[in-house]
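Q: Here's a structure for you.
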Amino acid sequence: MIDLIKKLPKAELHLHIEGSLEPELMFRLAKKNNIDIPYKDIEDVRNAYNFTNLQTFLDIYYAGANVLITKDDFYDLTWEYILKCVEDNVIHTEIFFDPQTHTARGIAFETVITGIKEALADAKERYGITSGIIMCFLRHLSQQDAFDTLEEAMAFKEDIIGVGLDSSELGNPPSKFTEVFEKAKEAGFKLVAHAGEEGDFSYIYEALDLLGIDRIDHGVQSIHSDTLMQRLKEEQIPLTVCPNSNIELKVFEDYKAHNIKELLDYGLNVSVNSDDPAYFKGYINQNFINLCDNLPLTENDIVTLVKNSFRSSFIDDDLKQAYLAKVDHVLQ
Ligand code: HPA
Ligand SMILES: [Zn+2]
């Protein structure tokens, strides 16, 4: 099974670039930029990655992002992730970034997007990896703040394929952002939102019905509503599931308790993704391996999960078909 996981080309659809900041790079950038970090060494950092819920993770994740200052820092961050894609056979990736985390610290939107964009362009040239950039609004901040961010993003519209919604879910339902998502849709952006990670299934309904999203990020709480499950199946709404994240943030007690196999067997369009791999102990292949070690996933299931990642991506139909054919080719 591990061989199959490694050799299948994959798409990743749920990856926060700030969450791919490995402790080694965090230290290097902290030193270079003269930023204080509350850790004495790499081991100390890893020991701090002991989360009890989403918020305990977010506090540490936002603190880590403080070391990112220059365009080159964002380039290096993205390039290191690309090298992991090469290792794990990810041939297409749609990455999230959180502009407000940086603009609130006085880092220009342009600095952030240019560093990411240049690394992704080099990834295409050097490795043929295709990609898209999705900017996420921080849901613990106001809708007005999201509107301001959307306005700033308009100058870089060509570089951004979609908008998303992340950060502290509980108490910040999708309904808080209805108008700004409407405006983003009018501007031609694809729409995604984190929903049903810690929040209950009503957040998924809101993301679908009030925000009009194309994809749900996480969505594992849909299992608690038969009606919603039927709808997700009928409409084949993609759910970008992140197993390691769900275990590290205690959404499920352990891998054996994860519901991805049930979602898949029901006929939902689920894929496997790494979310914040530097914080959650591994990149995409490790997510697949942890699932296979603990759940009765078949080879067919693995192939379906991988094909779903391409089907649910925002690439055009021709490339989608070409990528799906690549998967089939590996299986021959
Ligand atoms: O898993 C997540 N959930 C919400 N916000 C996030 N920001 C980074 N990762 C996450
Ligand atoms: Zn996420």
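Every residue, even glycine, has its Cβ placed from backbone N, Cα and C.
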Q: What does TrEMBL list, out of Asp88, Asp275, Asp293, Asp301, as binding the same Zn(2+) as His14, His16, His194?
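A: TrEMBL lists His14, His16, His194 binding Zn(2+), and from Asp88, Asp275, Asp293, Asp301 it also lists Asp275.
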Q: Taking ligand 1 as the reference, state which of the recorded positions His16, His194, His218, Asp275, Asp276 have a Cβ closer than 6 Å to one of its atoms.
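A: Near the molecule: His16, His194, Asp275, Asp276.
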Q: Cα of Asp275 (Zn(2+) binding site) to Cα of His218 (site 'Important for catalytic activity'): how many Å, rounded?
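A: Between the Cα atoms of Asp275 (Zn(2+) binding site) and His218 (site 'Important for catalytic activity'), the distance comes to 9 Å.
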Q: Give the subset of the recorded positions Glu197, His218, Asp275, Asp276 lying near ligand 2, defined as CB under 6 A from any of its atoms.
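A: Only Asp275 meet the Cβ criterion.
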Q: On a count of neighbouring CB atoms within 10 A, which of the recorded positions Glu197, Asp275, Asp276 is highest?
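A: When each Cβ's neighbours within 10 Å are tallied, Asp275 tops the list.
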Q: Using only C-alpha positions, which one of Glu197, His218, Asp276 is spatially nearest His16 (Zn(2+) binding site)? These are the recorded positions in the record.
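A: Answer for the nearest of the recorded positions: Asp276.
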